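Asker: According to TrEMBL, the protein has these features:
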- 23-286: domain 'NADH:quinone oxidoreductase/Mrp antiporter transmembrane' (DOMAIN)
- 289-342: domain 'NADH dehydrogenase subunit 2 C-terminal' (DOMAIN)
- 57-80: transmembrane segment (TRANSMEM)
- 86-104: transmembrane segment (TRANSMEM)
- 199-218: transmembrane segment (TRANSMEM)
- 230-253: transmembrane segment (TRANSMEM)
- 274-293: transmembrane segment (TRANSMEM)
- 323-346: transmembrane segment (TRANSMEM)
């Protein structure tokens, strides 16, 4: 792809998200979401491969359906209440429809089935964008709607944590595992959204940091499935040694950074007298932790040539930029001790 075209698409991708951030009118928010979607489609289909084209088509259909639902719900709200402002959503019918549309855009269960297939069909860089940047605009809109649909948000969040845990158990493709990880983490954010928006934002930032490290590590090793992880040691030994820590941080295991958000969310749910829900979330975290442990096992305890599942390659100097990977990895592993300072910063 031409650098000029790539820069134009990336500019449009950022512009669409920024328009949604700055909008107080549903029509303008919808316009930003559409610009964002149209900008990401050529980036997904730039590798002329049948699987990439299929993933792009699925993504377009899912996003177009969600955008149509959102536009219909906002028009319905204007018809019922005479208001187009995002902050003035009062009628339960359009609020429910818009919440479901945003859940479909982000990939919350039970509207999640497109997300693993789409991320599996694109490369790691585009999958990273889909798992992080593309979640921002719908999440901000959901953040502005959250006081009016508490039961629906709890249901969507609980379903997402369970589906994200169960769905990743029998997967062998790394991109699908990361997709189910995204679904599970979004469920945690959705549940705590109405009780503590600042904590939901903190969880989103921590999730972005951990996912950034995981995607870039797998891209550095050029690993796409569990079997290929066994030969990662010969390609990048230092990154392979740190990768289990990143994966266990995604699973929320102390004393790593991923434990921070889960610990604070469970504490907040306990304060809200939602002990059964907190228990269910803790159990669902164990499901996710299991498949992260599978990945860590494949990285560290099945090193070639002890197994015959892969051919050991020559270790060539990498051409990938590793500054971002090293920065996010340090944050993923070592941020837990300064949790009080981080919580205070996000509470201001």
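Placed from the backbone N, Cα and C atoms, the Cβ positions cover glycine too.
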Asker: Under 8 Å between C-beta atoms and at least six residues away from its ends: which parts of the chain pack against the transmembrane segment (199-218)?
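Answerer: Beyond its ends, the transmembrane segment (199-218) has Cβ neighbours at 124-125, 127-128, 131-132, 135, 139, 143, 174, 178, 181-182, 185, 188-190, 192-193, 224, 239, 242-243, 246-247, 249-250, 257-258, 260-261, 264-265, 268, 320, 324-325, 328-329, 331-332, 335, 342-343, 346.
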Asker: Should anything in the same chain at least six residues away from the transmembrane segment (86-104) have a Cβ under 8 Å from its Cβ atoms, list it; otherwise answer none.
Answerer: 23-26, 29, 62, 65-67, 69-70, 72-74, 76-77, 80, 111, 138, 141-142, 144-145, 148-149, 152-153, 156
Asker: On average, what pLDDT score does this prediction assign to the domain 'NADH dehydrogenase subunit 2 C-terminal' (289-342)?
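Answerer: Computed over the domain 'NADH dehydrogenase subunit 2 C-terminal' (289-342), the mean pLDDT is 75 on the 0 to 100 scale.
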Asker: With Cβ-Cβ distances below 8 Å as the criterion, list the same-chain residues six or more beyond the ends of the transmembrane segment (57-80) that contact it, or say none.
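Answerer: Contacts of the transmembrane segment (57-80) (Cβ under 8 Å, skipping residues fewer than 6 from its ends): 26-27, 29-30, 33-34, 37, 40-41, 44, 89, 91, 93-95, 97-98, 100-102, 104-105, 114, 117-118, 121, 130.
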